[in-house]
Amino acid sequence: FCEEVPHHLCSEYPRPEVMACEIPCATDCVISEWSQWSPCSHSCSSKNAEGSQSRSRSILALPAEGGKACPPDRVLQEHRACNDHPCVHFYWETSPWSSCSEDSLVALNATFSWSGEATCGVGIQTRKVSCMKSSSGHVTPKRCPDSTRPETVRPCLLLCKKDCIVTPFSEWTRCPTACQPGNATAVKQSRYRIIIQDAANGGHACPDTLYEERECEDIPICPVYRWKTHRWSHCILVPDSVRQGVLGYNEACGHGLQSRAVTCLSETNESADATECMRWAGPMPPLVQECLVPCKDDCTFTPWSKFTACSFDCESTKTRRRSLTGRSRKRDKCQDTEVYPQVETELCPCEVFTSQPHGNWSDCIIGGGKSEPQSGMRSHGDTKECGEGIRLRAIACYDKTGRLVDPSHCSSSGYIEESCTVPCPFDCKLSDWSTWTPCSSSCGTGVKVRSKWLKEKPYNGGRPCPKLDLKNQVYEAVPCYTECNQYSWVVEPWSPCKINSEQNSLHCGEGIQTRKVRCVKTKDHRGETVPSTLCNQAEIPDEVQKCSLYCPSECAVSDWGQWSTCPQVGSPGCSSMGNVPHSSFSVLQSLFLCLVPADWSTCQLSENATCGRGVRKRLLSCVRSDGRTVSARHCQQRQLEKPTEMSSECLVGCVVDCRLSAWSAWSQCSQTCGAGGQMVRGRAVLLQAMGEGRPCPAQLAQHRSCPVKPCYSWRLGPWSSCRLQGGQCGDGLQVRNLTCVVHDASVSATAKPVEHALCAELPLKETVLQLPCSVPCPGDCHLTEWSEWSSCELTCIEGRSFETTGRQARSRAFVGQSPESPESCSGQVVEIRPCSGGKCYDYLWKTSLWRDNVRTVWCQRSDGINVTGGCALQTKPAEVRHCSPACRKPFSYCTQVLCGCERGYTEIMRSNGFLDYCMKVPGLEDKKADVKTIAGKNKPVNSKMHDIFKGWSIQPFNPGEKLKYEWNKFSLLHFCRRKIQALKCKVLRFKC
């Protein structure tokens, strides 16, 4: 409301301002007002860049005919210089951020930015900020623009202390149980532990001791025994009574024997039993040896030297030498080398050996092939587990006669070797972490993401990949916060309205105009463009819009002006907005603020940790009630209450590879000689794989065949018949031979005789090479030896016995007995005695197939042994079958009751039911005969089916009538009843 007052009340009467204006006529071109000047392109001017601004106006309506024309396009834009002051190169320089340290006074922004209450606390980082001039260095801070001054303090997450984590010690390796020699090195046992997580951020350091050894206690020391040999006695010659008649027998000279004493001593040099030395010190030294007392006329020599070595040539020889001693060197007869040779030459043994591979190839062995590995346990990573190795195959060695000999004659190792390869495991390979993406939100909370992608899949038992997405990638996300209004959209003026002239000849009406939209940093006065992702994507201005050029005779109006400022309005809710900037509204609205938590991040670990306990975090966004995120300071000013949980503990599973012990030493061969022996070595799983660790291999044991060593054993030949001394009956001897043979202990081994010295001493049982025997004379009674006692048997009913004591029997047979005097043999044939621990047996009659109407019938026990007795005689099947009348027709044979025909013939029966004759089935060869019977099919003559269907027959009828089939109903009924009865007995478990 205004009220006009007299002019003298005003202090000074202003001069009226006059400005030219123009109102377009109805037919003139209509142009809009000038737009606002754009921001200056540069904050200062230099040789290469000057600041400039622009503004524009647009054509609102085209002129009608005769009206004022529109100005050209260049007149619709204006440019002017700005910020023409020269640029001085002053800039802010920052030092590196300090390490994160605790601080009790952390700004609200910082706490908010880092989600506040982290498990290990929030600290601060500081840095120095200096104003620099490019040409002279440090200058006063006033010379640099304060608006671009970097921050000197920022919040940070205090890294949690991580203690070293180790596994418990493994079990001590086993100490040997067998005794050890007294001079052997000390046997030790060991144990170890493994570091799972290294110490970080000042946590407890890892222990120095990860491997421990200690000497085994209470290991028995093998007793020490030794043989002590005494001096040889004088040479004892052959007694005079034997030597009489020998030249020079009166002299004390010639060949003889000398002996010595051998005693067994303990470690303390005390006398001990000889068996102790035999056990611990080896075989006893010889007690006797040959000796020679030379006669006065004998030639004496030095002992023979050793034979020279043989070459591998089969035609080579070996020699040895001796020399005359004493007076013999002057005697002529001793110089005769033909009688007294001083050099002996022998042919070298020419042995040709051949080898044959035996058994399968061993597993591929990496280390520890022929040489034995050192004792002690080593971790999986300390030994070579893959790559080049060898595999072995045992050989059997034979001499030229085909006898098995020690494999060392054919090969030093007893094996054929072949190179092999154990493929190495390849772990899953992922790329390095990508760089963090920009924060997903340009205002408030968002997430930063980085990723790894699959480069190579695992194979050969390598470490598996973590869980990947459909793009074969794995992600890590952390929350981030971006202060609002750091970046903003800047638009350039709209282009002139472009009308589609092809569809509109008047060049007026609706069209399209475009403009450029850029994202710039709000505080950057230079206006340089930054990536558009930094600006709020929800507020991106339009780059294209519809426009219109008014046609002649249409009313032309200007564009809408800016909205006026919104008045402050209060309302209940989270908090009143007040003068919070927001998008344009057509009506006044009441807006409120709330703190909204974002999604949880992935589990974050400390810097050096790869697994274990971590923290996941979430940040808060200051959100307006219309859903738009605004700067956190608005919520900070209203002191809004935060949600309780801004961080929580989480767990990342540790990746632990499988750890194995070292391979053990190869075991002793499972056989001392022969083929089929195996040696084995193994390793144990010390630590199972966990998480995505490399899994344990399937092979924990390796096998290889032993070299085939010859087996020597005594083999007894069969007993001979009873050998009598010059008679035909009576007492005599049975003898058998004993031979030392070599073989490979296999089932199909062929034994070959060898020298007896290769076999061990004879066991006492098998030294019996002759036995007394007798051939009974006529009229004598002679019984065989008793048989072995039978197994213990109980009396049972239906498989059950109520006895505790059973019976067993043995028997013997008469070998010869006079038929005239059977009472001459009064010896018992069967003996029965009680026994304990008996079993129940069933007895069944067994029969062979019929052959010429005769079959064998015997009794069999339920354990498969054929016995005499046990089966009931009244149920014994017939051993011979008869038909009445006898079957004398050609091609006929006797069944159990009636005569039947052989295969290929059919029975022609009489009216009384007896066989008339056997008729050959016509066309049986091509299987097209009209007359077929069961008996005529190709089947065994003694088939059970033949007996079952014997009621099927051909009966004769009147002349001219055709042959008809007839089934004996009685036979069918009888067959069915028998089958049903047998089935019922089987089900009810009764005997029929």
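Including glycine, each Cβ sits where the backbone N, Cα and C put it.
Straight from TrEMBL, the features:
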- 29-87: domain 'Spondin-like TSP1' (DOMAIN)
- 164-220: domain 'Spondin-like TSP1' (DOMAIN)
- 428-473: domain 'Spondin-like TSP1' (DOMAIN)
- 658-711: domain 'Spondin-like TSP1' (DOMAIN)
- 885-923: domain 'Thrombospondin type-1' (DOMAIN)
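By number of Cβ pairs under 8 Å, the domain 'Spondin-like TSP1' (658-711) is matched best by 428-473 from the list 29-87, 164-220, 428-473. For the domain 'Thrombospondin type-1' (885-923), the model's average pLDDT works out to 83. Applying DSSP to the domain 'Spondin-like TSP1' (428-473) sorts its residues as follows: 0 helix, 17 strand, 29 coil.
Within the domain 'Thrombospondin type-1' (885-923), the DSSP-based counts of helix, strand and coil residues read 0 helix, 17 strand, 22 coil. According to DSSP, the secondary structure content of the domain 'Spondin-like TSP1' (29-87) in residues is 4 helix, 19 strand, 36 coil.
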